[in-house]
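A quick write-up on the structure given underneath.
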Amino acid sequence: MWSSLNDWLWNERLWLPANISWAQLEDHDGLVFPHPQDTLMAVPLALALVVVRFTFERFVALPLSRWLGVRNQIRRPADPNATLEKHYLMKGREPTESQMNLLATQCGLTLRQTQCWFRRRRNQDRPCLTKKFCESSWKFVFYLCCFVCGTMVLYHESWLWTPVKCWENYPHQPLKPGLYHWYLLELSFYISLLMTLPFDTKRKDFKEQVIHHFVTIILISFSYSLNLLRIGSLVLLLHDSADYLLEASKLFNYMHWRRMCDTLFIIFSLVFFYTRLVLFPTRILYTTFFESIGNFSPFFGYYFLNILLVILQLLHVFWSWLILCMIYSFIKKGQMEKDVRSDVEELDSSDGEAAEECPQMKNGAAQRPGAAPTDGPRSRAAGRMVNRHTPAT
């Protein structure tokens, strides 16, 4: 049964052009070619990268964040309340107005007190600034290393500058060691990102990030198995060229170096727009749609490859819109307000609210309505603070 399923899955009539068979992609005469089973090595490597990442964050990024003055915002914990906690965990973090009124009645609280409890409870679950700094530090180091390695591997290759050469003598293109190791490293990294996604900072484009990671993993595995490494390597290098700039911008933002953060964000935006909205459709999509079938008639693998690339392009357009929103805010207000994808810190209470609307914490219990807050202006100042950072792809 397994043999039949494997034969059906790797049917050469599906994945390869006419008159091309898997036998032609076997190693021969000292030449090495990609094999689908090679991609299995990426799984243990991804697990190793997860270990390396948490080691890096714990022993390098965390001390570095303290040395650079990154400090977490002090958050007031929500008062223990079994009824509100049950609703928060079971029915949602943001109750409707009718649910809020019902919960307030059940708990003997005012509507403002109930709203304040949910605000504080949501803020408790939001990642701290140090955690974000550590995540971005790891991604910055890895993206930068991948971009440098990819540039070194591809710089002298003719298809880097002339994408149509990706299809010369296809699929009889021997696998070079440098390209193999870089490709496997990229695949392992994206698998590790998928593994740690539940533990990473969640943003409003979480679903789009999941789609992106899945599509990228499938695209890398698929292109490797079908010896489409040339065009696949161009896609990877194009993406790596902007990602490290984004993470660098975030790092400076967490350090509150506003001018450096804004400058890097503008540079990132220009690189992103040029690589994702200009080069990707005109150089990558054009050659995969039209130039790739110069010597072959369309086949299933051709359509599958282009569907994956179009999905990536749609994600590029989506993220470009978010970046444009950030740039509009920058032009209008003179600095980056916040990431439009961010799960931002909510204000504990506005300056005009009375103390009774959001009771202050004292020894784990709420003060009676009308009582003066114990921390005075500091609580209002902390309440105004929001978590700001730039968007990621």
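The backbone N, Cα and C atoms fix where each Cβ goes, glycine too.
Values in this document were obtained by computation on a predicted structure and should not be read as measured data.
Residue annotated by Swiss-Prot as N-linked glycosylation site (from the set N19, N295): N19. Comparison of 140-160, 209-229, 304-324 by number of C-beta pairs under 8 angstroms to the transmembrane segment (179-199) places 209-229 first.
Contact counts against the transmembrane segment (304-324), taken as Cβ pairs under 8 Å, peak for 209-229 among the stretches 140-160, 209-229, 260-280.
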